[in-house]
Amino acid sequence: MRSLLLALAVVVVLTLISLLIGAGDLSLSALLSPQDGDRSAQILVVSRIPRTVALVLAGMAMAVAGLLMQMLTQNRFVEPSTAGTVESASLGLLVVTLFAPDMPVFGKMLVATGFALAGTALFLRILRLVPLRSVLTVPLVGIMLGGIISAVTTFFAYRFDLMQSLNAWTTGDFSGVLRGRYELLWVTFALTLLAYLAADRLTLAGMGRDFATNLGLHCRSIVSFGLVIVSMVTATVVVTVGMMPFLGLIVPNVASMLVGDNMRRALPWVAVMGAGLVLVCDVAGRVVYYPYEVPIGTIMGIVGSALFLVLLLKGRTRLA
Amino acid sequence: MTVSARFPRRMAALIAGTLALGFLTVGAHAQDLTIQHSKGVTSVPAKPKKVLAFDLASLDTLNALGVEVAGVPTARFPEYLAKYGSDKYQKVGTLFEPDYEAVNAAEPDLIIVGGRSSARYADLAKIAPTVDLTVDPKDVMGSVKRNVQLLGRIFDRQAEADARLAKLETSMADLRQETAKAGKGLLVLTTGGKMSAYGPGSRFGILHGEFGVVPAVEGLATTNHGQAVTAEFILKTNPDWLFVIDRDVVVGRDGGAAKKVLENELVAQTTAWKKGQVVFLDPVNWYLTGGGITALQASADQIAKAVAKK
């Protein structure tokens, strides 16, 4: 408990750093004694706070979604981007853009959620048909499925001159976040809370179908419940800020090393570390090329793959 | 090794030899012009009859010079080139992907590539004489001048070409006098809700270089997709003029998307926004036909009109 508070303190510090860094001029002294013509307060309210809140929400939600997926598939290598979920959500977004470009963001999110659900359900269905001789088969199946779905998406995006837009959705990027443009992410906060409330059941489901059923759990409905949460979270994040690779893979694995597989205990850790990692990567993206930005998707790809390699090499027995 | 295995190779050599001879005789034609372009030197027949234009800027210029082309790619044409959308003009693929079968069957006398189609030069050059008229972003006016005069020479329309160029240069000289005292400007392209800025030397650098708008920021990257920026960046830069290219319009999606991206509390604080000095550039002229004589004239006129009002 004490170490969790410590981690929380670190995230709070990161939040403050995130509030103070950006292209615009913002100084603490100006905030404390406002003068005419100074825009610090406005920048803080319109740009910095929304961006930081968006980072925390998206980071928490994506990490929790990763944990959920790993529970449901009983596999440590699965997360929304290795199970076709992200690709399906992107396909959904493309379909909306082609047929109803003026649809409000919430509608776009619902359509993307529908696609994400269908894609993830298809993934789970395939898993039941394929003989799983190795733990690596599961993410491989997911990556292949994702590859097929994104090939379809890319084809239509190419045909309709939407490649650049597709790229804008799939690369995580918070540079467009301003007041009034991220609020949808609060949906993910509600979903994260829901996941926490159902944590015990999800833990049981994570122990396997037979085991969970023996303990009197309606396995099917709890799996569907987890699936809906994962799909909605993924769709919301893709629609508002794009995708962040590796996040849902690394954070739950680190949390599991620290506190084990009890989801109710692991979930706060996952949420805090997810927010922290996203904050670090986004601040780095804002600093390395100041006053311009490197999208967080790129930074996360670099940091994430390095961390993932470390995890693989150090904790091989645990992961497998 | 049996004879049959070797046979195809010999046959191929024979065919290649015959083809080479064929090209040599074509090359020796008396009326041919030797054209120097960005991919090398090509021998082009004077006043070629059947022309395929894969470059919209060149199509624009040819259209302005009154030259008819036979085939064009399937593309979104600006209004002044709308007629090329009709079936009267043979469709020979897209800007990025020529339909080689169709090109071959058309037996063109000349193929023009440039910009997006420039990468297909080598393949098209095998079919017919091909010239690459890509505009060099580091020397926009220089290459536009060269291209317009070149097309004038090939199609014997030198007088028209010179007249058009002279008019454009006068417009630009006038414009430069106005922009020099108008204040600093920033060019932003929006796509899919994101913004990128382009400065001098970039693909839209002509705004500063030739049209004389004083850049609001120095040192923007000149990469093809510009420099990703935020609303905070625009507020900090605080340009007197904001020039906007809405890319989503070019691909026919989300009209007014640029406005939605820019209309926020931070950009509203800039001098450009407060004084109403935001110019939504014609995205087709800048994004698709940039480098064509009509497009350039229209761009110069649009900015001159906007700046003159103040």
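Glycine is no exception: its Cβ is also placed from the backbone N, Cα and C atoms.
Where the annotation comes from TrEMBL, it is an automatic prediction and has not been curated.
Per TrEMBL, the feature transmembrane segment maps to A:53-72 (among others). Sequence-remote contacts of a segment are chain residues at least 6 beyond its ends whose Cβ falls under 8 Å from one of its Cβ atoms, and for the transmembrane segment (A:53-72) they are 11, 15, 18, 78-80, 83, 85, 124, 174, 177, 182, 185-186, 188-189, 191-192, 195, 202-203, 205-206, 223, 226-227, 229-230, 233-234, 236-237, 240-241, 244, 247-249, 251-252, 255, 263, 266-267, 270-279, 282.
Taken from TrEMBL, the feature transmembrane segment applies to A:106-124 (among others).
Long-range Cβ contacts of the transmembrane segment (A:136-160) within its own chain (Cβ-Cβ under 8 Å, at least 6 residues beyond either end) map to 73, 75, 77-78, 81-84, 86-88, 90-91, 94, 98, 119, 122-123, 126-127, 130, 166. The annotation transmembrane segment is assigned in TrEMBL to A:136-160 (among others).
Proximity of distant same-chain residues to the transmembrane segment (A:180-199), defined by a Cβ-Cβ separation under 8 Å and at least 6 residues beyond the stretch ends, is recorded for 50-51, 53-54, 57-58, 60-61, 64, 68, 105-106, 109, 222, 225-226, 229, 232-233, 236-237, 239-241, 263-264, 267-268, 271. Feature annotation from TrEMBL assigns transmembrane segment to A:180-199 (among others).
Sequence-distant contacts of the transmembrane segment (A:211-231) (same chain, at least 6 residues past either end, Cβ-Cβ under 8 Å): 65, 68-69, 71-72, 80, 85, 89, 113, 116-117, 120-121, 124, 191, 194-195, 198, 201-202, 204-205. Under the heading transmembrane segment, TrEMBL lists A:211-231 (among others).
The transmembrane segment annotation in TrEMBL covers A:237-259 (among others).
The list of residues near the transmembrane segment (A:266-288) in space but at least 6 beyond its ends in sequence, with Cβ under 8 angstroms from a Cβ of it, reads 4, 7-8, 10-11, 14-15, 17-18, 21-23, 51-52, 55-56, 58-64, 66-67, 174, 192, 195-196, 199, 244, 247, 250-252, 254-256, 258-260, 294-296, 298-300, 303. Marked as transmembrane segment by TrEMBL: A:266-288 (among others).
Look at TrEMBL and you will find A:294-313 (among others) tagged as transmembrane segment.
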Beyond the flanks of the transmembrane segment (A:106-124) by 6 or more, those residues with Cβ under 8 Å of it: 72-73, 80, 83-93, 95-96, 100, 141-142, 145, 149, 184, 187, 223, 227-228, 230-232, 234-236, 238-239
